[in-house]
Amino acid sequence: MTLQERDKKHLWHPLKQHQLQPESLAIVKAKGCVLTDENGNEYIDAIASWYTCMYGHCNDYITHSVYKQMQQLDHVMFSDFTHEPAVKLSEELIKILPENQNKIYFNDNGSTAVEAGIKMALQYYYNKGEKRSTFIAFENGFHGDTFGAMSVSGLSVYNGPFEDFLIDVKRIPTPNGTNTEIILKQLKAFVSNHDIAGFIYEPLIQGAAGMKTHEALGLNTILKYFKNQNILTIADEVMTGFGKTGRYFASDYIDTKPDIICLSKALTAGLIPMAITSCTQDVYAAFLSNDISKGFFHCHTYSANPVACAAAIAGIELLKSKDIQNGIKTIMEAHSTFQKRIENHPNIKTTRHLGVIFALDLNTKMERYGDLRDKLLKFFMDSGVFLRPLGNTIYIQVPYVITEKQLQKVYQVIEDALEIV
Ligand SMILES: *Cc1c(COP(=O)(O)O)cnc(C)c1O
């Protein structure tokens, strides 16, 4: 029996209606930017396996660092102990994070990094004797699938069964250069009628919404407003972190820095699940007290797993290297050229790119998980490229180590696909 057949017996996949989509392709190997399936077919991983393995799959430097760490210290409880990989990772992260960040809190995945950020904000005010219960978030944002993260997410088409159990969230549109005054008016109304605990946002680009970009100046105005109102801001950089936007973090483009930052995905270079919620000294200080219950009692068993920390440290070392920084620059330039080549195609509505992320919206209407999407996905896979359309958006988020030849193939396959829509 093939892996694909054996899979169907006991496995339940995420984001899948198994009655309509019973098959899952079995991947047996990944190296650099190439995935190999059980029949020996190869695919360029043009979305870096959900934006994780930005230094390439099975990167020798990272796997070697992880292997060394595994032989030294595999795991130990972080509530009671500390260790070199966690200490070193905190030092390295603080060096590259926005300058107001000072404390590093460990989580297991992007959703729980957001969950912890939300809980930090609620307890920050609670510890100061204030009860605040409402969050503000962008329309169409995505922040994860646990209850808090699901609540602040604005992409709720598939969240029907849970809607009655979500926390209270008010939504604002993303800034587009002309609507900032309108947004500020909305914010003032929200703030005078509710106890707002925080504003959570994907800075500059909303991933799951279809790589939708927004305007940095408007976002800065919004963040400044919250700062003046003493309302905490939470940047969800789970997707944008670690070089995707051309800077280490998307927040680097914006003058007003967030109080809390959520990180995951490329944090561990696609090797081991881990996430981090970082915060300012001011946020941390609200949890210091002679009263034990004012501490932050949110914990995951595998917090600060040393092996995951080793992967993260190696990833940051690579991110800072000349080779990777050059790779990012090369991809950004290639995206510009590609954009000029296709932007006037009759089947394209709009194109955009930020850092190594490139996206185009098709003129056609397309369901998020509908027939045209399936047809495109199949076309891409048959052509040897793994691309995963979102709504009517086709987007690229390639590993920084992609070769010129591989990148040109990704572009070509997208151009060819434009003829079948
Ligand atoms: C992927 C993602 C999450 C959720 O992370 P998981 O590790 O899948 O739980 C949260 N926020 C953003 C912006 C993401 O892209």
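Quick reminder: no glycine exception, Cβ is built from N, Cα and C everywhere.
These come from TrEMBL:
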type	residues	note
BINDING	Trp50, Lys265, Arg388	substrate binding site
BINDING	Gly110, Ser111, Asp236, His300, Thr301	pyridoxal 5'-phosphate binding site
MOD_RES	Lys265	N6-(pyridoxal phosphate)lysine
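For ligand 1, the neighbouring binding-site residues among Gly110, Asp236, His300, Thr301, Arg388 are Gly110, Asp236, by Cβ distance under 6 Å. If you draw a 10 Å sphere around the CB of Asp236 (pyridoxal 5'-phosphate binding site), it holds 33 other CB atoms from the protein chains shown. Residue pair Arg388 (substrate binding site) / Gly110 (pyridoxal 5'-phosphate binding site) shows a Cα separation of 20 Å. Counting only the Cα atoms, the space from Asp236 (pyridoxal 5'-phosphate binding site) to Lys265 (substrate binding site) is about 11 angstrom. For the binding-site residues Lys265, His300, Arg388, counting C-beta atoms within 10 A of each C-beta gives the highest total at Lys265. Applying an 8 A CB threshold to same-chain residues 6+ apart, the list for Gly110 (pyridoxal 5'-phosphate binding site) reads His143, Gly144, Ala149, Asp236, Val238, Cys262, Ser264, Lys265, Ala275.
Within 10 Å of the C-beta atom of Ser111 (pyridoxal 5'-phosphate binding site) sit 22 other C-beta atoms, taking all shown protein chains into account.
Each of Ile47, Ala48, Ser49, Tyr51, Thr52, Met239, Gln397 belongs to the same chain as Trp50, Lys265, Arg388, is absent from that list, and has a C-beta within 8 angstroms of the C-beta centroid marking the substrate site. A sphere of 10 angstroms centred on the C-beta of Thr301 (pyridoxal 5'-phosphate binding site) encloses 10 other C-beta atoms. Taking CA atoms as the reference points, Ser111 (pyridoxal 5'-phosphate binding site) and Trp50 (substrate binding site) are 14 Å apart. The distance from the Cα of Thr301 (pyridoxal 5'-phosphate binding site) to the Cα of Trp50 (substrate binding site) comes to 24 Å.
Long-range Cβ proximity for Trp50 (substrate binding site), meaning a same-chain Cβ under 8 A and a gap of 6 or more residues, is found for Lys265. DSSP assigns Asp236 (pyridoxal 5'-phosphate binding site) to a strand in the three-state reduction.
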